[in-house]
């Protein structure tokens, strides 16, 4: 089942597909084991940093190998690609989905670059996601930051601008900023669902993606999915589960063979992925 078919089915069923980042083989194993256990399709993605570490072609080979092993759809996405060249390399390598993030550029440059990506991607049947507003946060510790500084209405995505961007570029999926943040914060993050309602109304034929799914209040995620979100990104919670468990395992063993102390970190990441898949309703996609 192709990526666009899954997104279409997700919208029809009122569920979302989980998009989980990978930066190593162990996380890849954890995500695909979760998918196999719940009989759920999955979207696996890598940021430019993760892809640079893993290798574009190597990620494609891993995705196809695990897809063959679990006999379930595994969609591969380049997440937050800021360089047109990198995105075109990912398309050439065999990625199913690419996310062009031109939010750091001027609106005009973002528009121009996204249009180039769409033209090349659609030639090969690759889905394109785009955005116009920078989604704050990173992979570092944000637990001392006040999330209220990012919840000002004037910072949120303008539905009219989003509509214009989609119409001029032809992107398939739009990522909006409605209070969602990348990373882990001390406060539970709440989404501005009124703004999402406006964006959904402005983009009735465009698939909607939610980034920063790690720290968002579960009920907000459920409601966002009911309102039209069909893809939810999760990364930080996987990284925290992996790092904390790995530190525990290394601290209590004299073993030096990595595969012998990687079992629990993989299991803990798998638990997070399974809980998110259940929250998003993605196992329903193959029923």
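Just so you know, glycine gets a Cβ as well, placed from its N, Cα and C.
Computed from a predicted structure; not experimentally measured.
Some features that TrEMBL has for this protein:
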- 79: active site, proton donor (ACT_SITE)
- 80, 182, 211: Zn(2+) 1 binding site (BINDING)
- 101, 131: Zn(2+) 2 binding site (BINDING)
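Around residue 79 (active site, proton donor), the same-chain residues six or more apart in sequence whose CB sits under 8 Å from its CB are 19, 21, 45, 46, 47, 50, 99, 233, listed in sequence order. Each of the binding-site residues 80, 211 was scored by the number of other CB atoms within 10 A of its CB, and the lowest score belongs to 80. All protein chains shown were included, and the count of other CB atoms within 10 Å of the CB of residue 131 (Zn(2+) 2 binding site) stands at 25.
Under 8 Å, Cβ to Cβ, and six or more positions away along its own chain, residue 101 (Zn(2+) 2 binding site) finds 80, 81, 82, 130, 131. DSSP assigns residue 211 (Zn(2+) 1 binding site) to coil in the three-state reduction, placing it in neither a helix nor a strand.
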